[in-house]
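> What follows is a structure written as structure tokens; I'll ask about it next.
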Amino acid sequence: MGCRIAVFGTGYLGATHSACMAELGHEVVGVDVDTAKLATLAAGEAPFFEPGLNDVLKANVDAGRLRFTSSYEEAAEFADVHFIGVATPQKRGELAADLTYVDSVVTRLAPLLTRPAVIYGKSTVPVGSAARLSEMAQHLAPIGDAVELAWNPEFLREGFAVHDTLHPDRIVLGIDLERRGRAEEVARELYRDIVGEGVPFLVTDRETAELVKTAANAFLATKISFINAMAEVCEAAGADVSELADAIGYDARIGRRFLNAGIGFGGGCLPKDIRAFMARAGELGANQALTFLREVDSINMRGRTRMMEMTREVAGGSLIGTRVAVLGAAFKPDSDDIRDSPALNIAGQIQLQGASVTVFDPKAINNSRTLFPTLNYASDVRDACDGADVTLVLTEWEEFQRLEPAYLDPIVRCQRIIDGRNCLDQAKWRNAGWTYRGVGRR
Ligand code: UDX
């Protein structure tokens with residue numbers, strides 16, 4: 001018999017977590033304030049594109065293990081275990097994270113808790129949040145300190161969300177070590193099948209658990225900016241960053257993964273998480289420790305401007321009146337997520353320099369149109385590249401990697417391609433008579 005769980009927030013994190021906990025045999029209610037989203041989910045469909053998620057949602061809704069509601073009362077009545085999976089975006093005009101949504105889950109839920117309960121935070125939060133939220137919950141709950149709050153960070157990648165949730169590299173749990181309650185025992189029960197497969201289960205204090213998540217994201221961001229800095233040097237020296245990455249990647253201490261040079265990282269996590277991390281370190285008086293992340297951020301943002309400059313150069317020195325085809329809008333392939341997407345940022349910058357930019361993405365067009373209504377959008381590659389003076393590949397969708405020069409030859413005006421993700425076979429394009437430019441490539 002599974003546990004009775006409520007998951008607050010039904011975004012990438014919450015919707016996937018709800019569906020996967022039901023898949024593990026628990027009874028789950030997903031809670032959100034957005035009723036349109038809830039209706040979509042109740043029909044067994046994700047309100048965003050995530051490979052494999054619809055199948056898990058549908059199977060578990062149909063099996064009666066998964067439902068959705070906007071009622072906190074219903075969730076509190078039903079569940080003994082609560083997960084916080086709401087967003088922690090960047091505050092407007094500041095580097096710090098905005099904890100409004102996380103706080104609001106606790107202030108709404110805690111007063112409804114009339115029997116012992118465990119709340120697990122999954123959202124990425126500044127270190128110290130769990131202890132603060134725990135006090136808040138115990139103060140507001142009628143059962144007082146019979147409500148426990150622990151931190152159980154989530155490491156899922158978009159595009160692999162279901163796999164990463166059901167087969168994580170590790171499970172990290174931060175508990176109040178002074179007064180060990182039931183949080184560890186309940187978590188072992190929740191994740192029994194996963195832990196049974198040999199996945200490491202690490203129990204630590206709440207602060208360490210919070211920091212594990214931000215440190216992991218800071219490391220990944222640093223790895224990407226490191227290789228992009230190498231790309232800048234390679235360009236200056238006439239060397240090739242892809243070959244360099246392959247060669248240093250064979251050293252197991254370095255590793256080849258996350259060493260793909262290109263237009264840099266975006267998305268709803270890495271950019272805002274490294275900024276929130278710097279802000280929090282500053283508040284704690286440890287700001288010097290993380291000043292290097294400012295450089296990581298600058299290298300990353302510079303990648304976007306450099307791509308705009310490269311396009312200008314390839315276009316012959318001016319973007320005014322140039323037709324530019326942009327293939328890719330999502331921040332990475334197999335996602336329709338455009339939050340802080342380098343691709344869209346670059347498309348916007350190029351348009352602002354006087355070019356006419358037409359964007360195509362297999363999944364992210366609707367989201368892009370809402371955010372950047374002034375760009376032109378195409379319904380396929382052919383439509384986007386029609387009469388193009390320069391074609392840019394900015395998200396490495398498989399569809400773009402498979403493109404053949406001969407297919408585009410009769411469509412474009414000029415055979416010039418810029419590979420913002422170093423994902424194309426440069427020899428193939430050059431041999432077909434195209435001008436090819438990658439990032440940090442010969
Ligand atoms: C990230 C973390 O990987 C995940 O563990 C955490 O839970 C949330 O943040 P995600 O935002 O889904 O996941 O994307 P990720 O796959 O990490 O890619 C982030 C960005 O880095 C993308 O824009 C991607 O294109 C870029 N990237 C990634 C590179 O530019 N080069 C690389 O080698 C790898």
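Note that Cβ sites are derived from N, Cα and C of the backbone, with glycine treated the same way.
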> From K272, K428, grab the residue that TrEMBL records in the same NAD(+) site as D32, K37, T88, T124, E158, R339.
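Only hit among K272, K428 in TrEMBL's NAD(+) site, alongside D32, K37, T88, T124, E158, R339: K272.
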> Select one of K91, K213: the residue that TrEMBL places in the substrate site alongside F155, L156, R157, E158, F258, L259, N260, A261, G262, G266, K332.
K213
> Could you tally the C-beta atoms, other than its own, that fall within 10 angstroms of the C-beta of R339 (NAD(+) binding site)?
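Around the Cβ of R339 (NAD(+) binding site), 20 other Cβ atoms lie within 10 Å.
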> I'd like to know which of the recorded positions L259, A261, C269 sit within 10 A of T88 (NAD(+) binding site) at the Cα level.
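Of everything listed, what lies within 10 Å of T88 (NAD(+) binding site) (Cα to Cα) is C269.
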> With an 8 Å cut-off on Cβ-Cβ distance and a minimum sequence separation of at least 6, pull the same-chain contacts of A261 (substrate binding site), or say none.
I227, N228, M230, A231, V241, S242, A245, N422, V439, G440
> Taking only same-chain residues 6+ apart in sequence, whose CB is under 8 Å from that of D32 (NAD(+) binding site), what do you get?
F8, G9, T10, G14, L38, F68, S70
> Based on Cα distances to R157 (substrate binding site), point out the closest of the recorded positions K37, T124, C269.
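Out of the listed candidates, the nearest Cα belongs to C269.
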> Looking at the recorded positions K37, T124, C269, whose Cα is closest in space to that of K213 (substrate binding site)?
T124
> For K37 (NAD(+) binding site), what is the secondary structure state per DSSP, taken as helix, strand or coil?
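The three-state answer is helix.
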